[in-house]
Amino acid sequence: MDREEIYYGKHGEPRKFDPKFRGPIHNRHCTDVLCCVIFIVVILGYIALGIVAWVHGDPRKVVYPTDSHGQFCGQKDTPNENRTILFYFNILKCASPIVLINLQCPTTQLCVSKCPDRFATYIDMQASYRYKPDQWNYYRQFCKPGFNNPWKSVVQVIRDEDCPSMIIPSRPFLKRCFPDFSTKNGILTVANQTTFKDGRGKTRNVTDLREAANGINNVLDARSIGMKIFEDYASSWHWILIGLFIAMVVSLLFLVLLRFTAGVLFWIFIFGVIGMIGYGIWHCYWEYDHLRGIPGSDLTIYDIGFQTDFRVYLQLRQTWLAFMIILCIVEVIIILMLIFLRNRIRIAIALLKEGSRAVGYITSALFYPIITFILIAICISYWAVTAVFLATSGEPVYKVMANQTLCKYANLTCDPETFNTTNVTKLCSGAQCTFAFYGGESLYHRYIFIFQLANAFVFLWLVNFAIALGQCTLAGAFASYYWAFRKPADIPPWPLFSSFGRAIRYHTGSLAFGSLILAIVQLIRIILEYLDHKLKGTQNSFTRFLLCCLKCCFWCLEKFLKFINRNAYIMIAIYGKNFCASAKEAFFLLMRNVVRVAVLDKVTDFLLFLGKILVAGGVGVLAFFFFTHRIQVFTQEAPTLNYYWVPLLTVIIGSYLVAHGFFSVYAMCVDTLFLCFLEDLERHDGSPERRYYMNKSLLKILNKQNVETKRQ
């Protein structure tokens, strides 16, 4: 059994010292077994939920439109097999396109093979039927199947909704017939006409269709833009990939160069800020002195009160004096912080350089985010598919759609087979039994919402687990680097693969535990956002204030938990303890070094943010000159585009994400090395039995050294 003794940390706290400690412990045991078992059971239950949803659900209910009888348009082996488009008898009854898409429009909906291409009314068709029977043959394809009585009175046809009272030129969009809107000389038209007959003896303006099809014209225009964007992607995708490859190379070079330029970049920025503030102080003094003797400049801000034109305040000497005092205070604070925190800043820069060396020795870690991305993509895909199948579970539900808002039967469920025999049509003129949505009264259908909630919760749990697995794996690999006394000779073989195996084999329960806590907080945040959205129109200011406070508190709690979890996973990777013990040790270790934590965090954030901007901006500028044909050498190779900003934005955003992926590994490396550094300081004293593992530059900054054993 390994010998352990008690020693005391720098703040007097008792700690156990293991003289044989050499970094990440390999002789481990399983941690948080109960949570591991629960996690596995939840995953099996999640799979079962997906199977049940796939059995009951039918995604065609989302993809294909449904007529008033709940039948799919275009479904094979049905009378609607060749009728793939949904037609609305009276689109004027529809409030908005969203209502149309959700099949909640209070008018008969019919599956047709094509949309109308002309203006026509039932009255005009009936009047000319004797002379032009072909008009009836065209009109009847938009009537209910089986209806073949052109002599039926118009009043009865409209009442029974056997045929539409009018048809207007339309074109299919989302497999539904929408008016063929266009703009002519700034005037809204349909098939180049500004008026139409409504089939009830009135001539109406096409603007009356605007409310029923609000925004459709813009959406259709967006459709043509979408086609052009697709063409741009088709002709430039290989150049986009080349741009992303360049971003990857530049990101790698930036990480390598941080070993040599981290300190230079940081100090250039700091002295640049000091210089800019110094110039601001001089400019404020110049303005203050320049206004001397000018009438009205000696008035105080209190004298002139509040002014909407803020330029008025710039004419006062007091304003520039206040600016100068504020800038002087900021300048003094920054200089004092640099004086008193200079050693901690040097430590932070040294750790950044050491992180660059570690990444250089464990290069495979840079590509681990690909595994995390694949795991998260699987989780998202499974969640989305399960959510769609759950949403489409059930049988058709029909509801009474009434024109009169005072009809007491409106929105009640009904049976289309017996609806015409009830008193509803007599009490509510024009009422119909129309398909509304898919649902049911079984136990499964009653708890669909609960299943959707469970689907979302397990999805959050799995995504957080995938992230936690990546953090723990990277932490174990980089800890192996730090605790190697002779680098790189003592670094164990395949450190990333070994760390991944330890995390899966021994610490699945601990990672699941940390992910569970975070998932619960995130689910609560989602519920609060949902409630805030639902109560947005309420006039209760106290409720809005309470929700705002709760959202703020849980946002802060989520950020805090992410910070604790990240450092807990590092301690798990090193010592192999359970989640709570690791989180406790990490938290108190960081609190004992809170100033170092703050300095390192800000220095790292700044340098990595600067790196992301440099990568995305540099590659973006190169892409701009290339796609706009401004690089003479590549003028012939550059594709001709409809919108050059399409591939340009893709390259910029993609480059930023590529840089973020590489730099996230580097940030995890620095955080791991920092915790190892703090443990090194508290565990060791430089004696032959307790030698420091930090590099010589850190020893020099701390004015410490390892005592060499005397040779006999």
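Cβ atoms are placed via backbone N, Cα and C, with glycine included.
From a predicted model like this one, the values you see are computed outputs, not experimental measurements.
Features reported for this protein in TrEMBL:
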TRANSMEM  30-55  transmembrane segment
TRANSMEM  237-257  transmembrane segment
TRANSMEM  264-282  transmembrane segment
TRANSMEM  320-341  transmembrane segment
TRANSMEM  361-385  transmembrane segment
TRANSMEM  458-485  transmembrane segment
TRANSMEM  506-528  transmembrane segment
TRANSMEM  569-591  transmembrane segment
TRANSMEM  606-628  transmembrane segment
TRANSMEM  640-657  transmembrane segment
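Tertiary neighbourhood of the transmembrane segment (320-341): same-chain residues 270, 273-274, 277-278, 280-281, 284-285, 287-288, 291, 314, 595, 599, selected by CB-CB distance under 8 Å and a gap of 6+ residues from either end. Most Cβ pairs under 8 Å to the transmembrane segment (264-282), among the stretches 569-591, 606-628, 640-657, belong to 606-628. Where the transmembrane segment (30-55) meets the stretches 361-385, 506-528, 569-591, 606-628, 640-657, the count of C-beta pairs under 8 angstroms peaks at 506-528.
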